[in-house]
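**Q** Structure incoming, see below.
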Amino acid sequence: MKKEHVLHCQFSAWYPLFRGVTIKSVILPLPQNVKDYLLDDGTLVVSGRDDPPTHSQPDSDDEAEEIQWSDDENTATLTAPEFPEFATQVQEAINSLGGSVFPKLNWSAPRDAYWIAMNSSLKCKTLSDIFLLFKSSDFITRDFTQPFIHCTDDSPDPCIEYELVLRKWCELIPGAEFRCFVKENKLIGISQRDYTQYYDHISKQKEEICRCIQDFFKKHIQYKFLDEDFVFDIYRDSRGKVWLIDFNPFGEVTDSLLFTWEELISENNLNGDFSEVDAQEQDSPAFRCTNSEVTVQPSPYLSYRLPKDFVDLSTGEDAHKLIDFLKLKRNQQEDD
């Protein structure tokens, strides 16, 4: 895998080519000061709120106690930076997409941070929703700091123009998502995306699902992407229509799910024990899914559910983060 392969999988690199078969999206350049703010791990103070300042007296003991904390002469006042012009652009884009969006950077979405949102979802309606997810996500940090990890070429890292991608929010059923592996423009493997769960309909419809994905690949994807080796994700809706979700590099940086990268690169044993579709045709890809509830596994995102900020709290190293976090949660509840 080379750096150019990673660049070709940036959302803005492929979206214009496949706009007609994917979810409507808006791409906004990410200002440098916003990037700096997202990478600043000093506090959990989140920017992007439009609440006017208030000077009313506290109407509860909790608020009085809150003010007492801030009266401590040794306590620094923590305020979030504001980005009014960018905030306006983001809100206009969100409104144009129906009021709710799925956010991501050039490559990654903050899937590892869904648990921190009030609705335990990546559904965002405001810039502050997006910032909370992004600042809590290791995936987003890696996009910023290690975009070319596992690349084999030694050339200097290309300059990256970071972008905020806002995708129209759609309620996608995890059991209808599949990851497809392409080598030399040939579809060699299809894996259930949410492999930690057993879905009865996949086992019953596997041949039809495989056939639909093959037809979609041949009609819309094959020979049209910028590389010969790549990975793409699709969603098959209740009517059987297939939608393109994303592209990823063909290599270790991408999760191989129910395959191994050794199998995919060598193409050995692809139609082994896991295969559920007869490879009667030479071009038929291997299809793998979770076959029973016995093989169900914990979510791969569970390991991300204890940020260092909370570890700091348990050791008493940073109580200010807890205060900021609780304030944010209360404000979100008031908005709802």
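The backbone N, Cα and C atoms fix where each Cβ goes, and this holds for glycine too.
Take a look at what Swiss-Prot says about it:
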- LYS104, TRP107, ALA109, ARG111, ARG167, LYS168, TRP169, CYS170, GLU177, ARG179, ARG193, ASP233, ASP246, ASN248: ATP binding site (BINDING)
- ASP246, ASN248: Mg(2+) binding site (BINDING)
- SER60: phosphoserine (MOD_RES)
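Help me picture these features in the structure, burial and contacts included.
**A** The number of other Cβ atoms within 10 Å of the Cβ belonging to LYS104 (ATP binding site), over all protein chains shown, comes to 26. According to its DSSP assignment, LYS104 (ATP binding site) is in a strand.
In sequence order, PHE11, PHE232, ASP233 constitute the residues six or more apart from ASP246 (ATP binding site) in its chain with CB-CB distances below 8 Å.
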**Q** Cα of ASN248 (Mg(2+) binding site) to Cα of ARG167 (ATP binding site): how many Å, rounded?
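**A** Here the two Cα atoms lie 17 Å apart.
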**Q** Below 8 Å Cβ to Cβ and six or more residues apart, same chain only. Which residues does that give for GLU177 (ATP binding site)?
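**A** Non-local contacts for GLU177 (ATP binding site): GLN192, ARG193, ASP194, ASP233, ILE234, TYR235, ILE245.
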**Q** Within the chain of ARG167 (ATP binding site), which residues six or more apart in sequence place their C-beta under 8 angstroms from its C-beta?
**A** ILE23, LYS24, SER25, LEU97, VAL101, PHE102, PRO103, LYS104
**Q** Which chain-mates of TRP169 (ATP binding site) that are at least 6 residues away have a CB under 8 A from its CB, listed by sequence?
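**A** Listed in sequence order: LEU97, GLY98, SER100, VAL101, PHE102, LYS123, CYS124.
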